[in-house]
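Peer 1: Please see the structure below; I have some questions.
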Amino acid sequence: MAASLIRLHFHDCFVHGCDASILLDDSSAFESEKTARPNENSVRGYNVIDQAKAKVEKICPGVVSCADILAVAARDSSFSVGGPSWTVKLGRRDSTAAYKDIANSDLPSFRDSLQVLISRFNTKGLSPRDMVALSGQAQCFTFRDRIYNNSNDDIDVGFAATRQKTCPLASSPTNDEKLAPLELVTPNSFDNNYFKNLIRKKGLLPSDQVLFSGGSTDNIVLEYSKHSATFKSDFAFAMIKMGDIEPLIGSAGIVRRICSAI
C-alpha cells in the first residue's frame, strides 16, 4: 500500500489543498471526491487512514486531523519501502466539504502533454523538477491504448507485450479496473528504476513517457536514473512542498472525529 498512500496524499493536496477532503463520503451537501474520474476505482488506502484515525482518537480525541494523518502516512509509507523520510509539518485542519468538480479539473490526467503537466504543477507552486520527482499503480483503461494501438516509436515492443498479459484488449468493468504498478522490476520498493525504464521507452502511461520524450524534463529523468540519492532527496523536498499546498490552519476548518464524515 505504500505507493497508494503516497498517491492518496497527492490527490488530496491537489484538490483545494491538503485538507483531507478526499476522504469524505457523499452527503446531502456535496458529492465525494472519491467518485471523481481520476479517483474512482483507482485511489486506494482510505481504510488505512480510517484505521489510523480510530486509534489516534482513542488516545488523543479531537486533536489530530485527518489531513495530518494523511501527510504522516505518506512519509511513513516512503520510509517503509526504502525511501526517504522527512519532517512532516503538523497543524493542518480538515475540510467541511468535498470538491468533486475541482478533482475532475485539477488532478493530472494520464493523457496530459508535458506542457499541460508542467502547468498543472506550477499552479500548485511545484516546479518541473518537483513534478518529475513525484511522478514515480494505474488502471488498465489508462494505458490500454498505449500498449495495443501505439503507432509511434515511443514504447518498447517487449514491454508492451508483457503489459498486455495483465490488461486485456477487450474493455469491460472488470478488465478496465485491473491495477498495474508503474514499474515492473521493483514495484514495491522505492528506487530509481522508474526513470531507467522511461529511458528504455517502458513508461506505462502516456503521461509517464512524456517526461522523457525529447522535452525539457529529459535531463531530470537522466539525472535521477543515474543518481538515486539525488532522486530521493528531491522527492522528500517535493513532498514537503506539496504538503504546504493551501492548508487549513488556525480557526479554519475543523478536526473531524471520523475522516469519512463531518
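Counting begins at 1 with the first residue displayed.
Even glycines carry a Cβ here, placed using N, Cα and C.
From TrEMBL, here are the annotated features:
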type: ACT_SITE; residues: H11; note: active site, proton acceptor
type: BINDING; residues: D12, V15, G17, D19, S21, E33; note: Ca(2+) 1 binding site
type: BINDING; residues: P108; note: substrate binding site
type: BINDING; residues: T186, D191; note: Ca(2+) 2 binding site
type: DISULFID; residues: C13-C18; note: disulfide bond
type: DISULFID; residues: C66-C259; note: disulfide bond
type: DISULFID; residues: C140-C167; note: disulfide bond
type: DOMAIN; residues: 1-262; note: domain 'Plant heme peroxidase family profile'
type: SITE; residues: R7; note: site 'Transition state stabilizer'
Peer 1: Which recorded positions are spatial neighbours of C18 (disulfide bond) here, meaning Cα within 10 Å, out of H11, D12, D191?
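Peer 2: For C18 (disulfide bond), the recorded positions whose Cα atoms are within 10 Å come to H11, D12.
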Peer 1: Which whole-number value in Å describes the distance between the Cα atoms of G17 (Ca(2+) 1 binding site) and R7 (site 'Transition state stabilizer')?
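Peer 2: Roughly 14 Å, rounded to the nearest whole number.
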Peer 1: Tell me the Cα distance separating D191 (Ca(2+) 2 binding site) from D12 (Ca(2+) 1 binding site), rounded to the nearest angstrom.
Peer 2: 24
Peer 1: In whole Å, how far is P108 (substrate binding site) from R7 (site 'Transition state stabilizer') when you measure between their Cα atoms?
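Peer 2: The separation of the Cα atoms works out to 12 Å.
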Peer 1: Averaged over the domain 'Plant heme peroxidase family profile' (1-262), what pLDDT does the predicted model reach?
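Peer 2: When the pLDDT values over the domain 'Plant heme peroxidase family profile' (1-262) are averaged, the result is 86.
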Peer 1: Give the sequence-ordered list of residues that share a chain with C259 (disulfide bond), lie 6 or more positions from it, and have CB atoms under 8 Å from its CB.
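Peer 2: Same-chain residues close to C259 (disulfide bond) (Cβ under 8 Å, separated by 6 or more) are A20, L23, L24, Y46, I49, D50, K53, C66, I69, D94.
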Peer 1: Round to the nearest Å and give the CA-to-CA distance linking D19 (Ca(2+) 1 binding site) with C13 (disulfide bond).
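Peer 2: If we compare the Cα positions of D19 (Ca(2+) 1 binding site) and C13 (disulfide bond), the gap is 7 Å.
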Peer 1: Judged by the number of other CB atoms within 10 angstroms, which among G17, P108 is the least packed of the binding-site residues?
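Peer 2: It is P108 that, of the binding-site residues G17, P108, has the fewest other Cβ atoms within 10 Å.
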Peer 1: Between the Cα atoms of V15 (Ca(2+) 1 binding site) and D191 (Ca(2+) 2 binding site), find the distance and write it as a whole number of Å.
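Peer 2: Pair distance, Cα basis, whole Å: 27 Å.
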Peer 1: Expressed to the nearest Å, what is the distance separating D191 (Ca(2+) 2 binding site) and E33 (Ca(2+) 1 binding site) at their Cα atoms?
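Peer 2: Counting only the Cα atoms, the answer is 30 Å.
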Peer 1: Enter the number of other CB atoms within 10 angstroms of the CB of D191 (Ca(2+) 2 binding site).
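Peer 2: The Cβ of D191 (Ca(2+) 2 binding site) has 17 Cβ neighbours within 10 Å.
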Peer 1: Using the centroid of the Cβ atoms of D12, V15, G17, D19, S21, E33 as reference, list every other same-chain residue with Cβ within 8 Å of it (recorded Ca(2+) 1 site), in sequence order.
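Peer 2: In sequence order, the nearby non-listed residues are H11, C13, F14, H16, C18, A20, I22, S95, A98, Y99, A103.
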